[in-house]
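First up is the structure itself, then whatever we jot down about it.
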């Protein structure tokens, strides 16, 4: 049976997988050409010695197909750039950088920090009636262009349905790495979903009910985004996100004065600590960052990988998926996995982190996935193997590939795909998967509130592991936070007032939530509960 590396998709993951679930494989074209970068990488490994070389040898021995058939390169997307006359506004980063002001010391300084000269932001006001998505709500679409590196990130902005002059602004990020945030828009929390007739359906529980929301396709070559280059680590992607937000708020200062939050799921557990840290590192900025929210995230692998066996074997609140022998095999593999992750944490070297990712994903995620059970929802089987277990993802992709849809939003690529598995491999083979980005969270907690929430039916980024890493995190409030018990989280208003929707613990700027009856994508499975906690979080209830 062929075993392949993991993928956090939608923010969800597909680890070691037999043919019946989505796996990582070679592109249909150019396989021979794309295999060369990995061969070159393996040649470089011959210069290593000691533990690093031993780890690579061990991984290659256990999982030869991983090493032989997974390139670290991605093909550029076919695209046709629209003329500047198509866009309503083009914000030049060089113009933003050219603005100087007098600082408190009386010396001249830039109005806004950051290296923005190479960036432009293209903006088009989208006609909601053209697509029937949230008619009456102001919308903008466009691209952030990095002209030096030929990178072009697509975004779609929806104004708040309620009070856009005062409601906060939220950036939403799906995970992967390599999955489009437009999946989150149409499958989870956006103003419309797509039905089996490939038609948009109004979402009463959209997150833009009381907030303006930006959905961003990042990194490049994801969704409607494209590039001739590649981004293969989270830190590089953070520079692009800072540039996009800076130029967007420069064009729309009416939103810049409002509170801003970053939310996302799954691999956004990597993205968000980095992106928020990047924003906060710029003292002179026009981004009013107030908090971050991470749903069913992968943030601290060393802690979280402890909880795959318990979740799969009946200790997470749902019946066991695996038999005793499989559970024992996961127990047997865990010490070696943790040792490899510790080495990755200690060195942050790609040579150490890559084999840790491959070994641990195959050893601890593989047994579960080979059962055919949905890795994103422990309650059922994988229903649609061609669309990451969800038929709805296929509907979304079909809709976004319609010519009239691409024309209406100004998309420049010839086609849309929900997830780009080349990007996933790029991140994995650059060691990004296992790197300890959770170490940035204490710095965030010094300045802003952090919410970690988790649907309790998810396997891949399960609530047990997310709760555990928040309790293990070293920060000044750890002694007070860690021992706190979970308390009931209930709906406060409407006809369902008093209904239990989950559990919560909170101290200082740190909050953890368990959401009942939801898998990896909480807003899709529990739309009312997700909007309830989202609105209350933005309202500052727990900070």
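Each position is counted from 1, following the chain as shown.
Cβ coordinates are placed from backbone N, Cα and C, and glycine is handled just like the others.
Remember, it's a predicted structure, so these values are computed and weren't measured experimentally.
According to Swiss-Prot, the feature signal peptide maps to 1-17. Look at Swiss-Prot and you will find 179-419, 313-327, 337-360, 344-353, 382-389 tagged as disulfide bond. Here Swiss-Prot flags 210, 509 as N-linked glycosylation site, drawing on sequence analysis. Annotation source Swiss-Prot lists active site at 266, 458, 520, citing sequence analysis.
Burial estimate for the recorded positions (266, 509): highest at 266, by number of other CB atoms within 10 Å. Around residue 337 (disulfide bond), the C-beta neighbours below 8 angstroms that are at least 6 residues distant in the chain are 305, 356, 359, 360, 363, 364.
Separating the Cα atoms of residue 313 (disulfide bond) and residue 353 (disulfide bond) is a whole-number distance of 27 Å. The separation of residue 520 (active site) from residue 344 (disulfide bond), Cα to Cα, is 26 Å.
Nearest by CA distance to residue 266 (active site), out of the recorded positions 210, 327, 353, 382, 458, is 458. When the disulfide-bonded residues 313, 360 are compared by the number of other CB atoms within 10 angstroms of each CB, 313 has the fewest. Set side by side, the disulfide-bonded residues 179, 344, 382 differ in how many other CB atoms lie within 10 angstroms of their CB, and the most is found at 179.
Just so you know, the Cβ of residue 458 (active site) picks up 32 other Cβ atoms within 10 Å once every protein chain is counted.
Here the candidates are the recorded positions 179, 327, 382, 389, 520. The one whose C-alpha lies nearest to that of residue 210 (N-linked glycosylation site) is 520.
For the pair residue 327 (disulfide bond) and residue 458 (active site), the Cα-Cα distance reads 18 Å. Residue pair residue 509 (N-linked glycosylation site) / residue 520 (active site) shows a Cα separation of 24 Å.
Each residue contributes its Cα atom, and for residue 520 (active site) and residue 458 (active site) those atoms are 5 Å apart. The shortest Cα-Cα distance between residue 179 (disulfide bond) and any of the recorded positions 353, 382, 389, 458 is the one to 389. Here the CA atom of residue 382 (disulfide bond) lies 29 Å from the CA atom of residue 353 (disulfide bond).
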